[in-house]
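What TrEMBL annotates here:
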{"type": "REGION", "residues": "36-137", "note": "region 'Disordered'"}
{"type": "COMPBIAS", "residues": "38-50", "note": "compositional bias 'Basic residues'"}
{"type": "DOMAIN", "residues": "179-555", "note": "domain 'PUM-HD'"}
{"type": "REPEAT", "residues": "243-278", "note": "repeat 'Pumilio'"}
Amino acid sequence: MIENVQNFTRCVFNYLSSPLLLHLSVCGMYVRMDSKTRKPFSPKGGKKFTQKVNDSKATRFGGKPSSKPGGKKPYKPFNSTEKKNKSWKPVDNGKKQNRFISSKTDGESQKRKKPPLKSKRGEEAEGPAAKKMKKGDFKPRMKEMTKEELKLNRQQRKKELKKNRQQMERKDMFEIICQAKKVWGTLRRKDCDTESKTKLMMELHDLIHGKVKQMAFAHDSVRVLQCFIQFGSHEQRRVVFEELKDDIIGLSKSQYGSHVVKKLLMYGNKELVATVMQCFKGQVRPMLRHAAASSIIEYAYNDKAVLAQRLMLTEELYGNTFAVCKSTVCNTIEKVMEGNPDKLNGIIDEMKQILTPMAQKEQVIKHSLVHKVFLDFFMFAPDKQRTDRKVIIKTMKTYMVKFATGEFGHLVLLAVFDCVDDTKLVKQAVLSEILSSLDEVITNKYGKKVLLYLLSPRDPAHLLPEIIRMLQQGDGNAHSKKDAAIRRKELLDVVSPALLDYLCNNAHTMVTDKATSVTVSDILASACGDLRPAMTAVAQLANHELVPGGTNNELHMAEHPAGHLVLKWLIEQDLTLAEAGKEERFSRILVDTVGTDILKSWVKANRGAMVLCSLLNSCDTSVAAEVKTALESIKSELSSIRNNKGAEILLENLNK
């Protein structure tokens, strides 16, 4: 019986200490394989039960000599609250760890314990402790550098990187370009005399000879070539051209090389210029559509080309039919059209196909060469193709401000105002865009002329006689049937409210600016509607006592170079308003706004006294009498004023 109990106990023990642990739970059955044995049960607060096992048996069932039996902890559900209360400990997930064996008398191995660390709350936590520097230990320090030194170092590193990169890219040319740039740096100086320039040019010629093409496309070496062409002789320029003659078109399209071609045209003699332009033959159309090359064609056409060369540059835009029909005698489009009237429609159709894509590119449409060809197209095109003005105006939409502020584009708008009977279309397509950007237009040299033309068309005070004669060519055309006065009145009704509002809101800026001060009198002379708010806004600027020399670096309006002229013009303009049947009088509004007491202070300044002279001669007799009565009281003061020509003239007017 005792032996059976011992055998049963031994079997139970062998089963519990084996690697295979069978665990049954309420949720199901779990079978887990592991190399560790279960830890012995230890109840809280109770006595620990230990069980001694022979080393041979423990080793056989997955344990280690003199260690705990193999196996893992029993399954335990995760409890988040319990984990928060416990300090963090690294868990050995069955991975091997390095162990340090310490020699002991019993020969047992132990893990090396790490020193405990204190957490922020003062609790002990596991982890490696930071190594403290002992006294006398060396601690390297970074050298403290100023911002200037750091910036200098960065710039030096950038230079070195750039130099290394260029050296890799240019290889054998690197040293030659460096030497050439040094010579160029001395050559371009203003203090370099003629003798030194000659020697440096010879040295530079020897350096770049045979290598011009390689230098023409780089942003730094191309400057050396530009300088060489500028200061070189005709023979030296010819040498440069001979090396580049096969690449003139490519250079013209290059961002940097185009400057070399322009320098050849700028400083070359007639023979060299003609040879360079001959390289453009057959390539004008693609060059015009290129941003860099189009500027070269424009410069050649406007500044360097003679008549024969201009014809050569423009003939490509006339089409193939023109090229077949032209000859040495009939070399212009006028002569070709006259000699071949049957070819008119074919030439016009080809011109239209060529010009249409050019008109859609802003970079191209601004060139005068293209303008010349467009002019020829409209001159010779049949009436059906050139009289649909609505289509032309509609295609100009969104670009009206650019037209208005352009040197030549603003003339197109003047012609539109003169010829187009559909004023509703002009209002919607042209004037709406201009009035929405009124500040930009009115302060522009050409935009101001567009607005003045709407107020007073063909006024010689604003337009040159040649421009007026050119605009007169459109008078009496078959397609403008509306009376010119009616057309002008309809356009004036559209722009007047916007101009009067702008004057009210920007009176000070317009009055004190020489460029826009003229516009003030034109607006108040010609605009339709109530002029009183705008006149009052101008008069309010003069509503304070005049101090000679101004206050806070600002002159009184009656003393301002532009302001006093505006006052004189508006006072003298009352006569024009009376003749036009308008009731407003600026002189009356000025006197009522400023008052006679403040007007007396204007005699202290020469320009102020001249404005008072204009008031004494006002067409409004009541204003003249009121001002004269006020000035009679300071007659003695006027006679005592010296070095004031305006006061002398004012005294003469009072004595009349």
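Cβ atoms are placed via backbone N, Cα and C, with glycine included.
Given the structure is predicted, the values throughout are model-derived calculations rather than measurements.
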Quick test of the contact rule: Cβ under 8 Å, at least six residues beyond the ends. What residues does that give for the repeat 'Pumilio' (243-278)?
210, 212-213, 216-219, 222, 225-226, 229-230, 234, 237, 287, 290, 292-293, 295-296, 299-300, 303-305, 309, 312-313
Residue distribution over DSSP helix, strand and coil in the repeat 'Pumilio' (243-278):
30 helix, 0 strand, 6 coil
So what's the mean pLDDT when you look at the domain 'PUM-HD' (179-555)?
88
